[in-house]
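Student: Copying in the features that TrEMBL gives for the protein in this structure:
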type: DOMAIN; residues: 15-402; note: domain 'Major facilitator superfamily (MFS) profile'
type: TRANSMEM; residues: 16-39; note: transmembrane segment
type: TRANSMEM; residues: 51-70; note: transmembrane segment
type: TRANSMEM; residues: 82-113; note: transmembrane segment
type: TRANSMEM; residues: 143-166; note: transmembrane segment
type: TRANSMEM; residues: 172-191; note: transmembrane segment
type: TRANSMEM; residues: 223-245; note: transmembrane segment
type: TRANSMEM; residues: 257-276; note: transmembrane segment
type: TRANSMEM; residues: 288-306; note: transmembrane segment
type: TRANSMEM; residues: 312-337; note: transmembrane segment
type: TRANSMEM; residues: 349-369; note: transmembrane segment
type: TRANSMEM; residues: 375-397; note: transmembrane segment
Amino acid sequence: MITDYFRFLLTHPGRLAFGILATLGSGFGQTYFIGLYNAEIRGAFDLSHGDIGGLYAVATIASALLLPVVTPLYDRWGLRAFALLATGLLAAGALAMAGAAGIAGLLGALFLLRLGGQGLMGHMGITTMARSFAASRGKATSVAAMGFPLAEGTLPALAVGVAAMVAWREAWMVWAAVTLAVVTPLLLLLARQHEGGPVEVAGPPPGSQRDWRRSEVVRDTRFLLLIPAGVAAPFAVTVLFFHQVPLAELRGWSETMLAAGLSVFAVGHVTGLFLAGPTVDRFGAGRVLPPALIPLALAGLALAVITPSWGILVWSGLLGVGLAFGATAAGALWAELYGVTHLGAIRGLFQALAVFATAIGPVTTGWLLDAGLGPFGLGLGLAAGIGLAALLATLGLRRSPG
C-alpha cells in the first residue's frame, strides 16, 4: 500500500504539488495562524476575548455564506484564473489586517482571510485533485491534504521568527508579500500541469447518465443524510482543540501534556493520510466514510472516561486519524456520487456547511461549558452525535439517487 503511494507521488509530482501548495497556502487564513496574533489584535483595538471571538465568528460565517456564490467560478474559469482570485483575496486580507484602523477594517480583514484562506485555497486544492484523478482519487486528495499539517507544523514557527524582527502589523505585510511573490507564481506555474485535462477520466456517477448539477444535488436525499458525516471531522477537531485549555483546567492536566497532545495529533493525522488515500481508492469513498468516523467517536469516549493526563494523547491521536480518514473520504465522495463537471459548485456548498459548522461549534460548546457541562458530558455527547452521523450516512448511501 505505501509502495503504491510513493510510486503515485513520483508519477505525478507537478499535479500533486499544486494541491499541496494550495492547502499549505490556506494556512494564512486558518484559525491557528490568525490566533497567533490574538493578543496583539485585542490590544490594538481594545477588545475582550468575547469581542474578538464574536468578530471572528461573524467573519467566518459571512465567508461561509459567500462560498456557494464564489466556488461555482471554479467550474467556469480556468484553474489559473481561480488561483489568482483565491490568492488575491488572501493577500488582500493580510494587507487589510496590516492597515486596519478600526473595528470595520478588522472585520473586513478577517473576512477576506477566512474566505481566501480557509475557504477558497483549501477548496481549490482538494477539488483539483478530485477532478484530475478517478481511480486514484483517494490518494490524490490525501496528498493534497498533507498541506494542512505541513502548514500547521511550519507557519507558526515562521511567525515566531518574523515576530522577533518586526511588529505584528508589519508581519501581516510579510505574509501578503509571501502570498503574492511566492505562493501565487508557484500555483500559476503548477496549474499548467492540469491544463491538459484529468489524468484519469471518470465515467458518469452510479445511477445517472450524466454529472449532477448543484441544484439537483441539494434535492438528493443522500446529500442531506451525508452532510453530518462529512462535517463531523472538522467539527470535532475544532471543538476539542478550541476548548482544550478549559477542558485541561477542569481535569487538572498540564500545559506540557496539551503540547504533547498536539504533536500526537499531527503524527496521527499524517499517518492517517498515508493510509486513508489507498483505502478510499480500494473500497470507495462511500464505503469508507461511515467507519472513518469511528476514531472520532472513540476520541469523544476517551475524553469522557480517561481522567489521567495521558488521556490527552489518546484522544488527540484518535482525532488525527479520524480527521485524515474522514476528510479524505469526504473529499472524494462528492465526485464519486455526482461526477466532476460541476464539482466546484457542489464541493463549495459542502465547504460552506463545513465552515459554518466549525464557526458555531466552539460557540455552542462554550455555552455548554459555561452551563456546567464537563469533559465527561461533552465527550459522551460528541461520541453520540458522531455515531448518529455515521448511521445517517449509512442510511443515505443505501438509498437510490434522487
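Each Cβ is built from the backbone N, Cα and C atoms, and glycine gets one as well.
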Student: Ranking 143-166, 223-245, 257-276, 375-397 by Cβ pairs under 8 Å to the transmembrane segment (288-306), which is first?
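Tutor: The stretch with the most contacts is 375-397.
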Student: Is the transmembrane segment (312-337) in contact with the transmembrane segment (51-70), using at least 3 Cβ pairs under 8 Å (sequence separation of 6 or more) as the test?
Tutor: no
Student: Sort out the residues at least 6 away from either end of the transmembrane segment (172-191), same chain, that have Cβ-Cβ distances under 8 Å to it, and list them.
Tutor: 14-15, 17-18, 21-22, 25, 28, 37, 78-80, 83-84, 87-88, 90-92, 94-95, 97-98, 162, 166
Student: Within the domain 'Major facilitator superfamily (MFS) profile' (15-402) only, compute the mean pLDDT.
Tutor: 89
